[in-house]
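Report on one structure; see the data block that follows.
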Amino acid sequence: MDDNKAKALAAALSQIEKQFGKGSIMRMGDGTIERDIQTVSTGSLGLDIALGLGGLPRGRVVEIYGPESSGKTTLTLQVIAEMQKLGGTAAFIDAEHALDVGYAEKLGVNIQDLLISQPDTGEQALEIADMLVRSGGVEIVVIDSVAALTPKAEIEGEMGDQLPGLQARLMSQALRKLTANIKRTNTLVIFINQIRMKIGVMFGSPETTTGGNALKFYASVRLDIRRTGAIKKGDEVVGSETRCKVVKNKVAPPFKEAHFDILYGEGISREGEIIDLGVQHKIVDKSGAWYAYKGEKIGQGKDNSREFLRANPALAREIENKVRAQVGLNAMAVEAAPAGVAPVEP
């Protein structure tokens, strides 16, 4: 660059910093821009791997959507629990007025420190979210759900009034305001969303999410979560087999999938995932119904093997660390495994 251009650029940069503040424009090579994206675990090892970075990115917008009873709120509560373990403050904006506090506590959420709001209108919910983000005092804000963010005009109107595009405009305006503050304060904002059917679609999927297209554009990560089957103990259904697909990912390669079990009253079965991923990466051996690690039997059947790992958390961490090492994620702290524990049999 010649001297005249360099002087003109330096003057422009100086004027920008004077008008908009220091740091409003930076040179990438100066090292002032953070390259490494901070993440928080989802509570599911398989999903952390599928996301590519080991969890959901902080300072970004995330959308989690799926059919009813697919595990959307369960997944977000697990993320809140993981953030609280790191010492972060979490806020839950319950627009559906349906949060089960007892269930959240079972999933490991510290209810005493959880900030909760049950707003009357969509505008109120999004304004509260914006104020929390701008404060810089919270690490994660969850909005449950976009479909329940009812505009004030709709609440004050009559029961059959046609108000097309009102919610979409509300979401578009809110996200325009939120995104810069989310990045500046490094806050993770999760929107839970529901699925609707488009009428008259002949080709392609008729499914769509509520709240217009703005969230699809602003979200750095979009997760599609589905229930694929039931987990039974005898005739009793004790959980759901779940598939979670990374539909959009701006921070790592997208379109990866994770399969995990959600046990009722417990949440995502981490031990079940460790067994499945251990077998997949040839760390755990499977012979018939038996599972073995380093030649030692863990248990017969997945349920018994899961119970064995639950009783031996240090061994579970050791297997998890080997899986993490193979996929390039950071290891967990390993403790010495207790000796002389027999494998679990039926």
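Including glycine, each Cβ sits where the backbone N, Cα and C put it.
Features of the protein shown, as given by Swiss-Prot:
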type	residues	note
BINDING	Gly66, Pro67, Glu68, Ser69, Ser70, Gly71, Lys72, Thr73	ATP binding site
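On the structure: features taken from Swiss-Prot.
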{"residue": "Gly66", "record": "ATP binding site", "Cβ contacts under 8 Å, 6 or more apart": "Lys72, Ile195, Asp224, Ile225, Arg226"}
{"residue": "Pro67", "record": "ATP binding site", "Cβ contacts under 8 Å, 6 or more apart": "Ile195, Arg226, Arg227"}
{"residue": "Glu68", "record": "ATP binding site", "Cβ contacts under 8 Å, 6 or more apart": "Gln194"}
{"residue": "Ser69", "record": "ATP binding site", "Cβ contacts under 8 Å, 6 or more apart": "Arg227, Ser240"}
{"residue": "Ser70", "record": "ATP binding site", "Cβ contacts under 8 Å, 6 or more apart": "Ile225, Arg226, Arg227, Thr242"}
{"residue": "Gly71", "record": "ATP binding site", "Cβ contacts under 8 Å, 6 or more apart": "Ile225, Arg227, Ser240, Thr242, Ile262"}
{"residue": "Thr73", "record": "ATP binding site", "Cβ contacts under 8 Å, 6 or more apart": "Leu99, Asp144, Ile192"}
Which are the residues of the chain, Gly66, Pro67, Glu68, Ser69, Ser70, Gly71, Lys72, Thr73 excluded, whose CB is within 8 A of where the CB atoms of the ATP site average out, their centroid? Ile225, Arg226, Arg227
Taking DSSP three-state, what's Thr73 (ATP binding site) in: helix, strand or coil? helix
Relative to the Cβ position of Lys72 (ATP binding site), how many further Cβ atoms are located within 10 Å? 22
